[in-house]
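Novice: This is the structure I want to talk about, given as structure tokens.
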Amino acid sequence: MSRLTGEFVLRSGRTATEYFDKYQFEADPVLLDQLAEQMAVLIPEGTEVLAGLEMGGIAVVTAVARHAKLPTAFVRKQAKQYGTARLSEGAEVAGRRVLVIEDVVTSGGQVVISTEELRKLGAHVDHALCVIDRQEGGSEALAEAGITLRALLTRAALEAAV
Ligand SMILES: O=P(O)(O)OC[C@H]1O[C@H](OP(=O)(O)OP(=O)(O)O)[C@H](O)[C@@H]1O
Ligand SMILES: O=C(O)c1cc(=O)[nH]c(=O)[nH]1
């Protein structure tokens with residue numbers, strides 16, 4: 001139900017004829033919980049904090065954390081301009097082994113940007129976990145940044161299931 005066809009501009013600026021609307025599965029509490037339960041199994045040993053990326057990664061991280069029983073951080077695209085003025089809200093990330101949680105990975109650009117920012121805050125980030133890896137160079141880009149990508153689903157697997 002999340003797989004759309006048409007013409008879509010992606011975050012990376014690329015265009016695609018296929019788009020996974022993550023908000024369709026994130027808005028379904030039963031489906032999201034099932035995905036989260038399976039993702040929790042993929043969490044690398046030693047992970048201390050789960051960090052979900054704005055916006056789609058926030059619902060995913062909250063759901064995964066319920067199964068993993070780990071504290072969560074909510075990572076903004078830009079630091080809040082008032083109040084706490086934080087980029088990363090919730091659990092403290094400094095000095096802790098942090099797993100980045102994302103919904104969809106395409107080029108890997110957003111995970112790399114947010115990981116750099118988390119590292120500046122003192123987090124130790126070696127891994128990321130996503131719901132869907134579109135298999136368009138994301139895992140390679142992450143590897144260059146020292147991040148291993150684990151995915152619950154790949155684009156190839158989803159296409160094979162249709
Ligand atoms: O691997 P990349 O090429 O960086 O692309 C994937 C990113 O693009 C989408 O974010 P978008 O900005 O559309 O998302 P939001 O609705 O979650 O804010 C998705 O949630 C990833 O964050
Ligand atoms: O690369 C993206 O921006 C992107 C691709 C996709 O399939 N779904 C999504 O939410 N974002």
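Every residue gets a Cβ built from N, Cα and C, even glycine.
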Novice: May I ask you to find which of ARG3, ARG11 TrEMBL records for the 5-phospho-alpha-D-ribose 1-diphosphate site already listed with ARG76, LYS77, LYS80, GLU102, ASP103, VAL104, VAL105, THR106, SER107, GLY108, GLY109, GLN110?
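Specialist: TrEMBL names ARG11 for this 5-phospho-alpha-D-ribose 1-diphosphate site.
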Novice: For a three-state summary based on DSSP, what are the helix, strand and coil counts in the domain 'Phosphoribosyltransferase' (43-140)?
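Specialist: So the domain 'Phosphoribosyltransferase' (43-140) is made up of 28 helix, 31 strand, 39 coil.
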Novice: Which binding-site residues among ARG11, LYS77, GLY108, ARG134 have CB under 6 Å of ligand 1?
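Specialist: What lies within reach of ligand 1, judged by Cβ under 6 Å, is ARG11, GLY108.
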Novice: Among the binding-site residues LYS77, GLY108, GLN110, name every one whose Cβ is found under 6 angstroms from ligand 2, counting any of its atoms.
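Specialist: Near ligand 2: none of them.
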